[in-house]
Amino acid sequence: MTTMPPEMSATTAAPVGSAPSATAHHPAAVGGGMPRPASPAVGSNTTTATATTATRSRFMITDILAGAAAASAAAAAAAAALAAASSGGGRGSPTDSEREQSLVAQHHHHHQQQQQHHHHQQQQQQQQHQQAALQQYIVQQQQLLRFEREREREREREHYRERHSPPGNNPYAHHPMPPHLLAHFPPAHYAVLQQQQQQQQQQQHPHPHHLQLERERLEALHRHGHGLTGDPAQHLSHLSHLSHQQHHPHLHHPMHDERSRSPLMLQQLGGNGGNNNNNNNNSSSASNNNNNNNNSASANSNIISGNSSSSNNNNGSGNGNMLLGGPGSSISGDQASTIDDSDSDDCGGKDDDGDDSMKNGSSANGDSSSHLSLSLSKKQRKARTAFTDHQLQTLEKSFERQKYLSVQDRMELANKLELSDCQVKTWYQNRRTKWKRQTAVGLELLAEAGNYAAFQRLYGGATPYLSAWPYAAAAAAQSPHGATPSAIDIYYRQAAAAAAMQKPSLPASYRMYQSSIPPGMSLPGMPAPPPPGAAPMLSGYYAAAAAAAASAGAQQQQQQPPAASRSPATSQSANSEADCERTSSSSRQRLITPSPPLNPGSPPHRERINEEEDRERDEERDIERERERERERDEDDEEELALEV
């Protein structure tokens, strides 16, 4: 503590309320040990100074005590804060770890919530997209159904008008009547006038689906280079103007251009006898009205001329020729000029012979149901498939193994080659047609060249004379050394042989050995040999031998009676002798050379021929049944493909 001044110490030593005489009687305490002389004046001054000093000292002590208390309180607070800080420092690490753990847990929970929310949003978006796509598909189907119903109704109206209205001039064609006067006319006139009113409404309020179809059609025509009377940009701008009018009904006006009408509206305009020349009839050119006449096959509908009497070529005629492919057609201009060929990839238009089983096209006055079916069957020609070398080699190997594929084999082959089932089927159809043509041409060339040995090898079989016989299938089946050909191969070999021999009325082998038959003798059940020149396809040695045999037969017929006048026993004995001679000669030829003989020998007997004919008929019936089953399977496949499309 600080030292007190002398007067404070004196005041502290003496009581506060002490009498002044006490200080006066002790001069040493006041003077600091130095005695002073006592006088009355000095004593009074000393008493006053002592009282003032005592009062000041009391306040100073109070201040000092208050400051000391404040300092002690501050020290205590600092000590408490230090103690609190030390105790808090001891517990700091577990609090931080717990806080970190809680933060990590909160972050993980928040991340999970975000993921769940995002997944839920994705699911909702997918559901919304699916619902929107489904709604759009339903709307499109409804529009197509509505469009088809409108076309059906229009065709029914056309047929009704064609049956009940006269084909001549219609006096009410150019004069629309108010609705309250329609009841005073016959039903035919009433239908015509009602159709006119519907046309006016459709002209003023075109359907947006019709506008979209027409826009796509014009773009396709412009893209494929078809001639448009006028600038294509004007057509597209006009279509946009009409679509703008469709969205803004207050902009509609009855005197707009008719260039953007759909094929349905053009059919309605061309089929009825209505007032479809109420717009732009005063124009002197044909390009200001109905510029949809881009197809030359349907250029006779709605061409406007300057003369009002011939303002419409189809007025009152009842002939509702629809633009771009007939009344039942729904194809565009570029599709109407193309039809399917044998190399297209469609599966619905070909049978096994490469012929069209669905004939495209429709007549203007046919049945409405047939129009609809033909319009649905008519498709745009697809591009030819570009097969790779590997695909072609695999297809050729498969075709060598079997000429006809089952549905399962065809699907497996298509999956192996990464092709569609339709492409494999079309390739097989075309390849079968080519194979039949090549087989027929090859056999014809062999027959013309006289190479009957190669002809017999092509047929196959162990017995030479039976291999050349048309009924070689049963003989080859009976032969222990020859492989049994399939019924399909037998059928096509015989068909190719018939084509090579120009489809003669006699068996093919009869033409081979007819030159070796003895003169004046005929085979049982067969007519006499034809005159020289009856076998134009034989050449070289065979042609000369046939001519010599025919001339010798004619000379001997003059010397001997005809074979028909002989008795049955004589003819049978002669036949048996000829058979023995021919059998011995054929056996000698087989011993001399291993190649097939040029003269194969006699044909089988009557009983064997009958058996062969019966077996051949049975085989032909089996082949026909198999082909019918194949066609049914193809038709089922086509129906399945049509349903999938």
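Using N, Cα and C of the backbone, Cβ positions are placed for all residues, glycine too.
Since the structure is predicted, the reported quantities are computational estimates derived from the model, not experimental observations.
Lifted from Swiss-Prot, the feature list:
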- 106-121: compositional bias 'Basic residues' (COMPBIAS)
- 149-165: compositional bias 'Basic and acidic residues' (COMPBIAS)
- 244-253: compositional bias 'Basic residues' (COMPBIAS)
- 317-328: compositional bias 'Gly residues' (COMPBIAS)
- 329-339: compositional bias 'Polar residues' (COMPBIAS)
- 380-439: DNA-binding region (DNA_BIND)
- 583-592: compositional bias 'Polar residues' (COMPBIAS)
- 594-603: compositional bias 'Pro residues' (COMPBIAS)
- 618-632: compositional bias 'Basic and acidic residues' (COMPBIAS)
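With DSSP classes pooled into helix, strand and coil, the tally for the DNA-binding region (380-439) is 43 helix, 0 strand, 17 coil. Summarised by DSSP class, the composition of the compositional bias 'Basic and acidic residues' (149-165) is 16 helix, 0 strand, 1 coil.
Broken down with DSSP, the compositional bias 'Basic residues' (106-121) shows 16 helix, 0 strand, 0 coil. Averaged across the DNA-binding region (380-439), pLDDT for the predicted model comes to 90.
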